[in-house]
Amino acid sequence: MAANFWNSSHYKQLLDPEEVEVVHDLDKERGISIDDFKLIKFHMSNHIMKLAQHIKVRQRVVATAITYMRRVYIRKSMVEFEPRLVALTCLYLASKAEESIVQARNLVFYIKRLYPDEYNKYELKDILGMEMKVLEALDYYLVVFHPYRSLSEFLQDAAINDVNMNQITWGIVNDTYKMDLILVHPPYRIALACIYIASVHREKDITAWFEDLHEDMNLVSHSSKS
């Protein structure tokens, strides 16, 4: 894995928002609009989060799985790649990439337990079969840098000891995975945007700290509004 974000495949794959919000032609033919596209990805992100809570995997695995899912649909249609199966497969693949392996058979067990009527059609062979397709859609680039490391360093540097603000900030970072921010913005900037939002919410003035960073606050503000 690349030790530095700026030398990583993640950095090289950052996209403009206009490149992310594109509905595949096959999906358009099925009547899927851009709003539908966003909503489906939002629900699949929640789906991955819910399943991960039952399997008890680290938040980093969840974040990586959601990133994979969102990367897949930059290149593939939802007609070709069924979202519910992609979500399962991305969680399985992320658990391996993040060295916190979840057995595919356990995913099948929990998905049938959680959704006995709606989701019970997927078996072990389906996940294993989709795994190679997802890898190909990702061009085998599995490196994902997340905002969590930067967030810890920034909170320490800013001497923010407010427990509630820390909790709010971490929660906001988790919520960013319900959107495509990780595909568009560098992780450190997402972390800054989350700190900015939390500081406004907690009415905590850390303007001087932001100024010392010499970061373009217009970009941070844009990230927080995305």
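From the backbone N, Cα and C atoms, a Cβ is placed for every residue, glycine too.
For reference, TrEMBL has these:
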DOMAIN    46-136  domain 'Cyclin-like'
DSSP-assigned states of the domain 'Cyclin-like' (46-136) in counts, ordered helix, strand, coil: 66 helix, 0 strand, 25 coil
Confidence summary (mean pLDDT) of the domain 'Cyclin-like' (46-136): 91
